[in-house]
Amino acid sequence: MKLELRGITKRFGALVANDHINLTVEPGEIHCLLGENGAGKSTLMNVLYGLYTADEGEVLLDGEVQHFRGPGDAMAAGIGMVHQHFMLIPVFTVAENVMLGNETTLSGGRLDIQAAREKVRAIADRFGFHVDPDALIEDLPVGVQQRVEIIKALSRDAKVLIFDEPTAVLTPQETDEFMGIMRQLRDEGAAIVFITHKLREVREVADRITVVRRGAVVGEATADQPDSELAAMMVGRAVELTVHKDEPRYAETSLEVSGLEVTNAQGAVVVDDVSFTVRGGEILVIAGVQGNGQTELTEALVGLEHASAGSVRLAGKELVGRSVNQVLDAGVGFIPEDRSTDGLVGEFTVAENLMLDRRQGPPFVRAGMLQLGARDDFARNAVEEFDIRTQGITEPVARLSGGNQQKVVVARELSRELRLLVAAQPTRGVDVGSIEFIHKRIVATRDAGVPVVVISTELDEAVALGDRILVMYRGRVVGIVPADTPRDVLGLMMAGIAPEGSAAA
Amino acid sequence: MSDTQTSAEHRRVADDSDRWREALHRIVSGSWAVSLGAIVLAVLGGSIMIIVTDPGVQQASAYFFSRPSDTFAAIGSSVGGAYYALFRGAVWDFGADSFAGAIRPLTQSLTMATPLIMAGLGVAVGFRAGLFNIGGRGQMLVAAAAGGWIGFAVDMPWPLHMLVAVLAGMVAGAVWAGIAGVLKAYTGAHEVITTIMLNYVGFYLVSYLLATPGLLQAPGSSNPKTPHMLTSAIMPDLLGRRYNLHLGFIFALLAVAYVWWLLNRSSTGFAFRAVGENPAAAKVAGIDVPRTTVSVMLVAGALVGLAGVTQVLGTVTTGFSYDIDAGIGFDAITVALLGGSRPIGVMFAAILFGAFKAGGSVMQAAEGVPIEIVQVVQALIVLFIAAPPLVRAVFRLPQPGKRPKRGKRAARRQEVAA
């Protein structure tokens, strides 16, 4: 089925999320929609999927104009979408999830689960997936869950498949397998829209590339164009994709973590006997697929999570057992993984957010009273220095773009006297321009002799930023390796396979 | 896998509380325009009730098709008369022969507003910190009991006596709300449930004290009522004996100023607001969320307690019974909502409600309009405040287009307009 979008325009108030976008996807092709976060890719796909109504423009399938009132209509017309966050019910089986919303019943209203099972098996066999129709979703690895989503779409005879940032949760190996699946689907004649901002993936599978920036199509590209050209199209200017940094100059202060263990509320050990050392002036990147204990590890480092065993010593001083406040006072800067939940108070102004974790005394508080003058001066300087694009320091931070929000967090944490920086996913959901800036600031902090721990699930970032890379898998350290370790070795490590000759610390 | 699973669960729980929080946030921080619109709509709603219940209108509408003008005249006189009487009872008495007499209703409104301001502030502080304090009744009762007991049973010189009694009431209110705060902070018990339950506990505790000789009950009486307050504990009248307005009103204004300073200028208030808007970020920023929750409830309880003790030392000084809270603990929620949880807003909302209370009785006496109409108007105000998009739609106010969902609606309207 041929998909055509003509002149799609979607406005949210004054913001034009999609500005007369044209897009054609032929059957049997993988069409990449490349753009930064906030460029309007997801909005466009939500229009296509019937979740939003376009203000202007039309959606055509095989030349016929469609009027979707909701995802139900879109599905019925043959459009399937695999969301970034899976829409599966964890306590249901694979077959139950696949039939959900499209249940067939036997006499007396009984669900025809047998038919669903057979459907799952048939599709799984066709593509060589190994999926047990009776397995519970919650017991399946993320990569397999994604296949269930694909099966679900295919079970409704989807001819147009939309993948919205599908690789964010996958290991490099799973990503490779996923690319294979996409090619297979294409070869069977499906029209595929692949949304991503990762250049590597685009070049690997795309038949055609459409680049979107600020809600408008800025051009088409081919897969053989170099990264720098694609990035420049995405951002609208030339960007440096590599991080320039000199050899580390080690300083005195160091962070020593030994035998750290964290148990979650259910009693499962999520950080298991983790030990490492970061010297002043170096960046240690903690890599791994999302959900392998990195979050809990960082939270334990800053006192947000209770460590059931082990120690964290900063310049010889024990941090385990201290409150978050005491940890911050000890000179630890923390960029949390999820800025909107953990890093910022959305309704607070830029200025208020810039003092969020500095309420304990001068310069912003004296005798229990806020020093608004000092705060606003600081905020104005920070906005300038960190290039935070805002209408003013009194603008609620929720109105800023993701990249600028992140810069507020970075500005706050880096404007203090630091003895350790812990940055969790510092560039997630941040535009390429801001990534460049944030990376530079992190390297500058390292060069000032501060030990830096960066948590990243993006291999590119880990390799670019790290002096050394620690890979975590299921709460344990797989190994600590130099940053120039080959990517396939790192990929295997992320799947839990330790490289030969490396000591699992 | 187990950790992805738990993190998913985590997210689900977080989503749930987020939804709560967002709903609460939307309701309590309504803009001025919405508050005003809600009042107008509620008054219109009240007018309809007046019209349908008015006997004159009922009679005239029986022959509406032969002489419709009669019906309209009856409607005009019933609604006009009712709101005229309300105004006369709440602001300015046109019938009085002197300025002193004419201004009396206004002072009466301010007297009625006094405890509403205090208790409204208490609820508003809770709202700003993300806590729903429904326990105004219980907090007022225990505060009245503690302050009242000092007021009639202890001998001390003025003004020390009064101040000690006020302080005792505030402490009692703080402790009562603090229980809910501690339960919330350290066991996760939802404050809506605990404060409501503590209302019952407080009510029956005070009822027991009032019925037990030697505790709160007046000696030689079998009524559940305390003795008269000692003169040294009474809040003096501000404008002489002719008016009921007493020193409590000054306390209320001081409370407004204090809460404004607390929320906008102090680091404690900064932490309160941070916890209210985003407890997760507050925690990451090193704010001790459980401790802050307890502090918020202590401050809220003290303010509501001030309302309770002001009732017994200022408004009703002849001894009190278990109905001394007079529904103020609940009206305070309405006041806080209408005032957008901002101190100045709360003050004006409380004065409006005080005027409703003062004027309502005059309206009933002069026009025979049931005083319940006033309560219906109050209830309608909350109803409209809780549904800002409705009010905005009625008055064609712009919908805030920050979030895509709401923006979508606005965009659709543009489309219709185009």
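FYI, residue positions are counted from 1 along the chain as it appears here.
Keep in mind that glycine also has a Cβ here, set from the backbone N, Cα and C atoms.
In TrEMBL this protein carries:
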| type | residues | note |
| --- | --- | --- |
| TRANSMEM | B:27-52 | transmembrane segment |
| TRANSMEM | B:72-91 | transmembrane segment |
| TRANSMEM | B:112-132 | transmembrane segment |
| TRANSMEM | B:163-186 | transmembrane segment |
| TRANSMEM | B:192-211 | transmembrane segment |
| TRANSMEM | B:243-263 | transmembrane segment |
| TRANSMEM | B:296-320 | transmembrane segment |
| TRANSMEM | B:332-356 | transmembrane segment |
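Among B:192-211, B:243-263, B:332-356, B:243-263 has the largest number of CB pairs under 8 A with the transmembrane segment (B:296-320).
Beyond the ends of the transmembrane segment (B:332-356), by six or more residues, the same chain brings 27-32, 35, 38-39, 86, 90-91, 109-114, 116-117, 119-124, 127-128, 133-134, 136, 252-253, 256-257, 259-260, 263, 304, 307, 374, 377-379, 381-382, 385-386 to within a C-beta distance below 8 angstroms of the stretch. Packing against the transmembrane segment (B:27-52) from elsewhere in the chain are residues 58, 75, 78-79, 82-83, 124, 127-128, 336-341, 345, 349, 352, 369, 373-374, 376-378, 380-381, 383-386, 388, 391-392, 394-395, 397: each is 6 or more residues past its ends and has a CB under 8 Å from a CB in it. Sequence-distant neighbours of the transmembrane segment (B:243-263) (same chain, 6+ residues past either end, Cβ-Cβ under 8 Å): 104, 107-108, 110-111, 113-115, 117-118, 121, 124-125, 128, 166, 235-237, 269, 272-273, 299, 303, 306, 310, 313-315, 343-344, 346-347, 350.
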